[in-house]
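Database features, via Swiss-Prot:
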type     : residues : note
TRANSMEM : 14-34    : transmembrane segment
TRANSMEM : 59-79    : transmembrane segment
TRANSMEM : 94-114   : transmembrane segment
TRANSMEM : 123-143  : transmembrane segment
TRANSMEM : 154-174  : transmembrane segment
TRANSMEM : 177-197  : transmembrane segment
TRANSMEM : 204-224  : transmembrane segment
TRANSMEM : 261-281  : transmembrane segment
TRANSMEM : 294-314  : transmembrane segment
TRANSMEM : 335-355  : transmembrane segment
TRANSMEM : 359-379  : transmembrane segment
């Protein structure tokens, strides 16, 4: 188990570094003589036609609606595995991170609403600071090396998992356009076939992908965000191969997708969405209630919500601190959870459709994430060093 966790954290750390480089590259290109090339790249028309079916979108939409569906598919696979055999399979293990995640989503939203209450047209962005980017958060935590207790890493991952569940529900419930009942019906008709494949222990991925693609197209046309098709499809991938119990179709697929998602899809998403032109930008734009509310939600709301819920649950006797940790370290993790980059950018696109005249929500996302990441790293670096000196050691998962 220790080796699996170590491999996972190393993978996420590397992915976080590549993600950061892609975001930096996007900002450099967007503020260089290559700006026009960047704009033409993300807005280049891409048309796919199969018979009478025509899907015409620009590259930006194909990345956000198409490639990100693969990311959400991987998220769905991870959620299913964690619920069946992982950290979420034991109710005693999930109370604290679940409560922390709820607090860490409600408080940032309230902070954002407080800054934008007098502007109803801006309230659509309330969910932007509610998200946590696990790749960046784990990447930052991994910079501290072996001093970090594995229980603290697991706590952070568990919060991020519940955060993903919350983000998926938010997108499904609050960021949908006018619904097409016919498209929803077609998407719904795929579910019995997927269920039948699962019950018959079909382990080949091709039949699932066939119905998954049909469902994705139907959901795309329905008004619900198409990436949710990826989550739904993941729930039907079998965890166990009854003919070969040593191999898990779900875990094999999860392993195969990790590299593609971490080192191709997410960096491409970051490159296509983080290209903020700073020409003409100043404190006035940064202090606009939308980006400022997002930054405050990520930095202030996240830590307040997570710490308040964690403290309340522990004081109520419903849970205890993760082994080998203390409240200072939990506070450091709450700061890292303010790194909302990927999912925040994604929800921002749904809420405002990109850059809006007079403000750019991405400024708040990047500023809030940077401040949260640096503050979390500095605090954990100091507290873990202090705790190591007083004899607190990392949890040994090999026992």
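Using the three backbone atoms N, Cα and C, a Cβ is placed for every residue, glycine included.
Fair warning: this is a prediction, and the values are worked out from it, not measured in the lab.
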The transmembrane segment (123-143) vs the transmembrane segment (335-355): 3 or more CB pairs under 8 Å: yes
Top Cβ-contact partner of the transmembrane segment (261-281) among 14-34, 154-174, 177-197, 204-224, 294-314 (pairs under 8 Å): 14-34
Long-range Cβ neighbours of the transmembrane segment (94-114) (under 8 Å; 6 or more residues past either end): 87-88, 123, 125-130, 132, 155, 158-163, 166, 293-294, 296-298, 300-302, 304-310, 312-314, 318-320, 322, 334, 337
Among the ranges 14-34, 59-79, 204-224, 294-314, 335-355, the one whose Cβ pairs under 8 Å to the transmembrane segment (177-197) are most numerous: 204-224
Within-chain partners of the transmembrane segment (59-79) [C-beta distance under 8 Å, separation at least 6 from its ends]: 41-44, 46, 88, 161, 164-165, 168, 212, 216, 220, 225-235, 237, 250, 253-254, 257-258, 260-261, 265-266, 268-269, 272-273, 346, 349, 354
Leading stretch by Cβ pairs under 8 Å, where the reference is the transmembrane segment (14-34) and the options are 154-174, 294-314, 335-355: 335-355
Same-chain residues near the transmembrane segment (154-174), Cβ under 8 Å, at least 6 residues beyond its ends: 5, 72, 75, 78-79, 82, 87-88, 93-94, 96-98, 100-102, 104-105, 127, 130-132, 134, 137-138, 141, 224-225, 227-228, 231, 306, 322, 325, 330, 333, 336-337, 343, 347, 350
